[in-house]
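S.K.: What follows is a structure written as structure tokens; I'll ask about it next.
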């Protein structure tokens with residue numbers, strides 16, 4: 001490869017393992033080692049056989065991007081594994097700030113006199129890797145293991161030798177999706193909804209669609225019940241059981257949960273998934289996994305002893321059937337939050353003027369947010385007598401050090417990510433300061449994704465990513481500053497993310513008496529470990545809090561898994 005190429009590639013050819021009736025894929029890494037914006041376009045000699053995602057794009061200076069080449073499933077093996085197909089990459093220098101959507105075929109036309117660099121790749125068929133056959137301890141090499149799986153995914157019918165565990169057997173199978181755990185366990189608590197989370201992992205190179213259904217649809221529901229798991233990624237599914245009015249006899253349950261999955265076309269989304277895709281009658285074979293539903297005894301937390309009461313006395317607190325937090329639970333939330341937001345100290349600015357201690361710092365971009373979502377949040381906090389800082393309090397034109405002081409004086413920061421957020425270097429500089437305070441244990445940061453797909457945002461896709469790349473180009477002479485921005489974004493994105501819809505908040509805004517309950521839910525998320533300690537909940541116990549009312553037309557589910565809290569907001 002010559003050193004003056006606009007783009008360099010990590011492969012010199014495209015290799016596909018031949019597996020009949022399965023799509024194959026190969027990823028290419030495109031690296032731009034120049035100081036120019038470089039646009040590219042990919043095309044193949046057989047477009048019906050191969051597709052490239054993305055087929056056009058722009059690689060920023062001194063950066064790289066990944067391209068996935070997908071081959072359609074073969075119905076029969078090619079003779080001698082020979083392939084004459086090729087993949088062509090064309091690339092050229094474009095104007096700074098050019099976006100992916102602005103790349104057109106005309107830009108690469110030689111007839112129009114455009115200088116274009118070309119790279120041609122051969123497509124090669126190779127034999128698929130052969131996994132090693134597992135040999136159980138105590139068996140002769142090559143002998144048949146006594147274990148068998150009669151019902152895929154049914155752990156109770158698998159005999160496992162001493163050296164091969166259930167998880168190992170599942171991992172070594174050729175299933176499209178690996179589901180963890182291997183059964184659905186619900187702790188039995190009368191008059192309470194309970195939930196169980198499942199992790200679906202796709203270790204193939206294909207897009208895999210799934211559909212979930214139960215043998216008792218009135219008793220259980222699954223969120224999401226359909227979806228698409230991208231290649232080499234995973235997703236989480238929540239199974240919820242309706243409240244039981246009486247304990248089942250002998251804790252026995254015959255219900256099952258069925259997952260159907262199949263390979264679909266690249267770029268298929270969840271909204272494209274239909275029941276017909278899994279219909280056997282229509283000739284669409286799907287892989288099926290059945291999970292048993294099991295009832296288990298809930299863990300018994302230690303009995304809390306209130307001051308001034310006898311040990312073992314019955315607690316007064318209870319959770320009402322509608323799922324709202326009980327009076328005792330709300331009191332507990334207040335006991336955690338009040339120390340954070342009471343007894344506010346004051347500070348003095350550079351001109352000797354006494355200012356209130358700002359306890360919540362709101363980091364956002366754009367007047368459209370100030371007049372809608374941010375306005376709601378500020379009102380909700382002020383109703384709770386919490387001091388809030390937004391830039392409407394400060395004089396415009398103040399330097400960043402002044403804003404940094406406001407962050408240092410705050411206990412909680414709310415970072416509201418919108419499409420326009422990454423237009424502002426000030427927002428990102430504030431975020432860097434928030435990250436520093438967070439790492440020192442002085443600040444709790446709550447990220448909110450405002451009308452954004454959280455996953456796309458974390459991958460810097462769409463307008464959010466385009467704006468960031470434009471800002472990187474504008475400040476390309478300050479690489480250390482850019483690196484701090486990216487580190488701050490990644491750090492904050494690893495926290496909980498709430499997905500916001502302004503229409504819902506407008507409804508709440510008309511009835512501000514309901515906002516304090518919602519506010520407590522938002523702020524308490526990052527203190528959940530403290531609640532667990534107070535209530536005796538363990539990390540293996542799934543705690544479900546449902547908030548429902550006529551005003552709020554969606555449920556908020558909160559449950560910790562390995563010290564993480566996941567929030568699902570949906571109609």
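Don't overthink the numbers, they just go from 1 along the chain as shown.
Note that Cβ sites are derived from N, Cα and C of the backbone, with glycine treated the same way.
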S.K.: Looking at 86-108, 109-131, 132-154, which one does Swiss-Prot call region 'Disordered'?
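M.R.: Of the candidate stretches, Swiss-Prot labels 132-154 as region 'Disordered'.
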S.K.: If I go by Swiss-Prot, the feature region 'Disordered' sits on one of 271-296, 297-322, 323-348. Which?
M.R.: 297-322
S.K.: Return the residues near residue 430 (active site) by Cβ distance under 8 Å, restricted to its own chain and a separation of at least 6 in sequence.
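M.R.: In sequence order, the residues whose Cβ lies under 8 Å from that of residue 430 (active site) (at least 6 apart) are 363, 400, 403, 404, 407.
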